[in-house]
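Asker: One structure, as structure tokens, below. Some questions next.
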Amino acid sequence: MKAGFVSIFGRPNAGKSTLLNALMGEKLAIVSPKVQTTRHRIKGILTEPEYQIIFSDTPGIIEPKYKLQEKMMFAVRQALEDVDVALLMVDVKENLVEVNTIFEALRLKVPAIIVVNKLDDVSAARKEEVFAFFGSKSYCKAIAGISALKKTGLQELINAILQFLPDNPPFFEGDEMTDLPTRFFCAELIREKIFYLYQEEIPYHTTVIVNEFKEKSSLIKISADIIVNRETQKGILLGVGGKMIKQLGTEARKDIEQFLGQKVFLELFVKVRPKWRDNEFMLKEYGYH
Ligand code: GDP
Ligand code: K
Ligand code: MG
């Protein structure tokens, strides 16, 4: 059997999280049109009779400006070190020279497959141009064109990956889909809704932690804290008469119910923790290791 580890790299919004979800057929990684939605390294374990591929989604490659971002880049660097194949993902419309500079700076020691994404949204001529550009780069061992959104080109991508995977026994049981606890995914689904419902900097000042996850007879009771930096942000999250947080709760609950396949009772609390993004102790508490 072939088995190994594959990390997905790329700039913010290339479509890394969408690809992980498409490959897994399950929403493991939250997705939004805003950059830096993904903060953790999230594993998806794809097991078939002939192979097991352990994919890691990673935060987009950026220059860190605060400690939370340093942790995010640490997750990226770590994901570069111990894999069999790196997927270097580009949005087909990105600036190729800029992307190439970033990919070269990674100084990869592992084989890289260039994954050209969002082909649903571009001309055949542009696709040719992008393929020709990366095809000539020394770090590019193979190139695959996909649409993560429309789920096209995925089998070809898997075939390309399999060329580089070693013969190994499986690392995980066949029914394991990820290495992270369920409550982590529930917190992430709440965080995703915050990216959609609130403007500008609010999502970047916010994190979510699930404090209680209890299976009762017919439903699951989940309590979560939404952590913000300032009182004013708490006010924005709540909205006039609690209108916004109510909507947040309803939308998040629906997604969590779909993820768990069970009815959920969701309670949300907003807490102010000044400067949590730069506080080592709080970052640990909120799951950023
Ligand atoms: P990440 O930051 O690299 O993880 O990117 P996301 O997966 O969060 O996607 C960023 C945005 O690009 C979202 O709005 C996605 O819906 C969109 N997107 C991802 N893949 C595709 C694709 O294949 N085609 C199109 N048209 N949009 C995509
Ligand atoms: K994103
Ligand atoms: Mg992402």
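Cβ atoms here come from the backbone N, Cα and C positions, even for glycine.
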Asker: Can you dig out which of the ranges 117-120, 253-256, 261-264 TrEMBL describes as region 'G4'?
Answerer: 117-120
Asker: Which is it, of 36-40, 126-130, 211-215, that TrEMBL names as region 'G2'?
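Answerer: TrEMBL lists region 'G2' for residues 36-40.
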Asker: Which is it, of 57-60, 229-232, 277-280, that TrEMBL names as region 'G3'?
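Answerer: In TrEMBL, residues 57-60 carry the label region 'G3'.
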Asker: Counting Cβ neighbours within 10 Å across all chains shown, tell me which of the binding-site residues ASN13, THR58 comes out on top.
Answerer: THR58
Asker: Identify which of the following binding-site residues, namely GLY10, ASN13, LYS16, place a Cβ less than 6 Å away from any atom of ligand 2, and list them by sequence position.
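Answerer: Near the molecule: ASN13.
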Asker: List, in residue order, those binding-site residues out of ASN13, LYS16, THR58 with a Cβ under 6 Å from any atom belonging to ligand 3.
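Answerer: With ligand 3 as the reference and 6 Å as the Cβ limit, the list reads LYS16.
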Asker: Tell me the Cβ contacts of ILE61 (GTP binding site) under 8 Å, same chain only and six or more apart in sequence, or just say none.
Answerer: PHE9, GLY10, ARG11, PRO12, MET73, VAL76, ILE102, LEU106
Asker: Counting only residues 6+ apart in the same chain, whose Cβ is under 8 Å from the Cβ of LEU119 (GTP binding site)?
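Answerer: Set apart from LEU119 (GTP binding site) by at least 6 residues yet with Cβ under 8 Å, we have VAL92, LYS127, GLY145, ILE146, SER147, THR152, GLY153.
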